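In TrEMBL this protein carries:
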DOMAIN    A:21-226  domain 'MacB-like periplasmic core'
DOMAIN    A:255-361  domain 'ABC3 transporter permease C-terminal'
TRANSMEM  A:15-35  transmembrane segment
TRANSMEM  A:255-274  transmembrane segment
TRANSMEM  A:294-327  transmembrane segment
TRANSMEM  A:333-355  transmembrane segment
Amino acid sequence: MFLALREIRAARGRFLLMGLVVMLVAALVGIVSGFTTGLGNDTVSALRALPATHVAFATGAKSDQFNRSLVDEATVAGWRQRPGVEAAPLGVTITRGTTGRGLEIDMAAFGVEPGTFPAPAVRRGTGLDAARPGLVISGKLADDGVRVGDTVTVDRLGLRLPVTGVTGDVSYGHVPAAYLPLDTWREIRFGVPGARTTPERLPRDASGVALRARSGADLAAADHALGTLTLPMSKVLEAAPGYKGERVTMTSIQVFLYLIAPLLVGAFFAVWTVQRAPELALLRAIGASRRRLLSYTVLQAALVVVAGTVAGGALALGTGLLLGAAVPFSLPAGTLTATLAAVALVGLAGTCLTLRRVTTPDPLTMLGAAR
Amino acid sequence: MTLSLSDVTVTRGHGRTRTPVFHEFTARFEPGRVTALVGPSGSGKSTLLAVAGALLLPDSGAVVLDDTDITGLREAERTRLRRERIGYMFQSGNLLGALTATEQLLAASYVAGGGTRRHRARAVAALEEVGLADRLKHRPDQLSGGERQRVALARALFLGPGLLLVDEPTAAVDRTQADAIAKLIIDRTRAHDCVTLVATHDPAVIATADTRIDLNPEP
Ligand SMILES: Nc1ncnc2c1ncn2[C@@H]1O[C@H](COP(=O)(O)OP(=O)(O)OP(=O)(O)O)[C@@H](O)[C@H]1O
Ligand SMILES: [Mg+2]
């Protein structure tokens with residue numbers, strides 16, 4: 001501590017500057033991470049909320065499966081018969097509506113069979129009922145001003161749906177989710193505006209089959225027999241529109257920041273070490289071990305990196321608060337801590353790149369009198 | 001502590017800068033006495049101090065401190081010897097820019113692995129001994145050349161070394177300062193009973209020394 005702190009104090013301008021740079025990088029990493037989580041939630045939280053282990057899609061759909069895939073009732077029934085698997089049909093489609101009070105909303109309509117496991121739990125109001133049409137909305141729609149008891153008219157068809165309950169703050173493809181009975185979903189998905197098709201004459205299809213499979217259940221055999229393609233939830237998330245692209249974008253920004261941080265810190269400490277070389281030579285000449293020089297330099301690095309990172313974390317949190325609920329930003333304590341720990345770690349790794357130089361100044365250079 | 005060099009041969013540099021400095025040099029130094037190393041520039045005064053101070057290994061010969069031949073020690077052991085037994089005052093660049101005069105002395109304790117807080121009072125006393133009682137909080141750039149040298153001398157003596165090595169202590173100061181420093185070296189050598197080697201051109205320093213060794217450049 002003795003030398004570490006006094007040297008920092010004497011060179012406080014330089015260390016402050018370095019601390020600020022670390023702070024900004026850490027804040028940027030924090031903010032990007034907040035957007036990664038926020039955007040991710042905005043895109044797939046409704047899928048994450050689904051208590052399923054897998055989803056079976058039609059084989060033809062290779063991407064954007066919720067939009068492209070259609071499975072018929074026979075397939076759903078086939079899946080229900082498989083041992084070790086609980087299956088329920090699921091329909092997903094994005095549509096728009098207007099409430100009785102003129103509020104226009106976008107909603108990701110999730111068609112489920114009431115009573116099956118994909119049906120949402122409600123926070124307020126009542127759940128879906130097979131006997132009558134109804135709508136259980138995401139908490140986000142409730143935040144936007146839709147209330148239990150409102151009637152939402154689906155714009156395309158004029159279909160009127162009473163809001164019966166509110167579930168968690170879930171959304172899909174940046175659109176708040178709204179759950180409705182599968183039959184109603186079919187009207188939205190397959191109904192043609194103007195043509196008064198009765199529900200019985202619409203296709204009896206769903207987007208996919210939500211599965212709750214016990215470990216050991218032979219999903220491949222079922223896929224083979226039923227002509228479906230089953231994906232685990234981690235892959236199902238990628239079926240959500242935009243999810244993969246957002247991930248790649250945000251992750252590559254983070255990766256670059258993780259590369260930049262150690263180089264910045266490393267460059268600073270390389271210069272710092274070169275500037276100190278005569279003093280390091282003096283310390284070696286009066287008997288300082290290499291270890292002592294290393295440990296106090298590492299301590300200096302740790303101080304500036306940790307202080308900068310913590311300040312950066314605070315800045316990221318502050319930014320999150322300023323942005324408010326309007327933008328998809330979410331930075332839970334756990335994520336923030338992990339992110340900051342990673343920044344601090346790569347920052348210190350950057351110092352280690354230059355540490356060898358700390359021990360190289362030759363004490364014999366002290367002999368060459370006035371330099 | 002005693003120091004003896006026997007048949008010490010030293011070459012500096014490599015290849016085209018290879019320079020023979022000593023050939024089979026032998027000498028013995030007693031505690032409590034100041035030896036002045038005298039000779040023209042380039043005669044090897046600083047080199048001899050470096051060999052005695054375990055900074056530079058001779059090509060051959062023995063450098064014995066008490067009973068230990070330091071030429072047989074590993075680098076880490078020589079480093080340790082420097083911090084524990086040897087006080088070194090270089091011709092310049094002795095002080096650390098970030099530290100006050102008092103802290104320069106405490107840095108010696110820090111380097112030796114001890115705490116610094118409990119030595120503070122002793123550091124202040126040591127600076128008073130070299131006449132710097134009212135310069136305790138000054139940093140190197142706030143001290144005159146002579147004051148810096150006195151801080152360096154106090155630092156070299158701070159841990160009670162058995163061997164004190166001083167390189168051109170008066171090269172950068174005026175007559176009065178030089179006399180004061182020469183007197184300090186004698187005083188401190190007597191008080192600490194250390195072996196003291198002073199490389200110098202200064203007649204005043206040579207005059208106060210107990211013995212002198214004349215070094216001549218290799219022909
Ligand atoms: N690193 C080196 N490489 C090659 N030769 C060197 C090196 N260092 C010193 N020398 C040579 O060794 C000789 C002795 O140098 P040293 O510094 O001991 O002289 P000195 O007696 O202290 O001189 P001065 O009074 O100028 O300080 C000089 O001739 C010098 O040129
Ligand atoms: Mg010299």
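Note that Cβ sites are derived from N, Cα and C of the backbone, with glycine treated the same way.
TrEMBL does not curate its annotations; it predicts them automatically.
Cβ atoms under 8 Å from those of the transmembrane segment (A:15-35) belong to residues 8, 250, 253-254, 257-258, 260-261, 264-265, 268, 300, 304-305, 307-309, 311-313, 315-317, 319-320, 327-331, 335-336, 339-340, 342-344, 347 of the same chain, restricted to positions at least 6 beyond its ends.
Taking DSSP states H, G and I as helix and E and B as strand, the domain 'ABC3 transporter permease C-terminal' (A:255-361) has 94 helix, 0 strand, 13 coil. In this model, the domain 'MacB-like periplasmic core' (A:21-226) carries an average pLDDT of 93.
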